[in-house]
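Inspection log for the structure reproduced underneath, given as structure tokens.
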Amino acid sequence: MVEHGQEQQPRPPRRRHGLQAPFDKHQVVALLLFAVFAAVAYAFFFPMMPDGAGRWALLGVYSALLAAIVGLGVLACAADPSDAGLHGCGDGEFYCALCDASVGESSKHCRACNRCVEGFDHHCKWLNNCIGSRNYLTFFALLLCANALLVVQLGWFAYLFARSFYAKAEMQARVVDTYGGSPDGLIGWQVGTAVAAALLVGAVFMLGELLSFHVVLVARDMTTYDYIMAQRAKDASGKDGQQGQPAGGGGGGGGG
């Protein structure tokens, strides 16, 4: 059932997609970080790869994943997951006073976008758009590709970092040939690689956790909204149970 807001303050203008201004700061940060990681890979790590088929295979895989992420990101942002009733194209079972429209049973009103979203899952600040039934598959594919890209990039960086020690002379020569300067420039490259790898490890854990969460949701045929509501109901029932116990009564066994 669609929840009706109780606040009286002015509501934001209705958003149709994530490419519509104003842009969310999380969206801007994500784009900048994505661009920086890609630029670092092409400018500082690809030239350091040893010659051979593996060098070009890695470039092809990385570039393909990069292109997929760009395409899927644009599609997920540009999609309009609004309920069809907002466009006068549906005759839903419920009425949303905030949208002044009849909407479907699976629709929920997003206060950030000021609209009802069909098959509402959650509002994604990183895409500046709601995720619903119309763009969830695109969002899920984006998560898969983003995780794959980060894992490939982390493995790539780790390989080159290790190589900078056991094939030091060759790596020093590549630094001099590519960037000029002295062979000691390899030390600065190693420091930069270590910092980039540390940032990638954090990104892999965060995005990996998010992907795992959505894999579980898909397996349980749940949305993020369903999960949050179920957790709130569980927490509320637990508090009610504690309040209902007589003073001094021993608590029951813990749940699973």
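Using N, Cα and C of the backbone, Cβ positions are placed for all residues, glycine too.
Pulled from TrEMBL, these are the features on record:
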- 28-50: transmembrane segment (TRANSMEM)
- 56-78: transmembrane segment (TRANSMEM)
- 94-229: domain 'Palmitoyltransferase DHHC' (DOMAIN)
- 136-162: transmembrane segment (TRANSMEM)
- 194-219: transmembrane segment (TRANSMEM)
- 236-256: region 'Disordered' (REGION)
- 246-256: compositional bias 'Gly residues' (COMPBIAS)
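Secondary structure counts, DSSP: the domain 'Palmitoyltransferase DHHC' (94-229) has 84 helix, 18 strand, 34 coil. Mean predicted confidence for the domain 'Palmitoyltransferase DHHC' (94-229): the pLDDT average there is 92.
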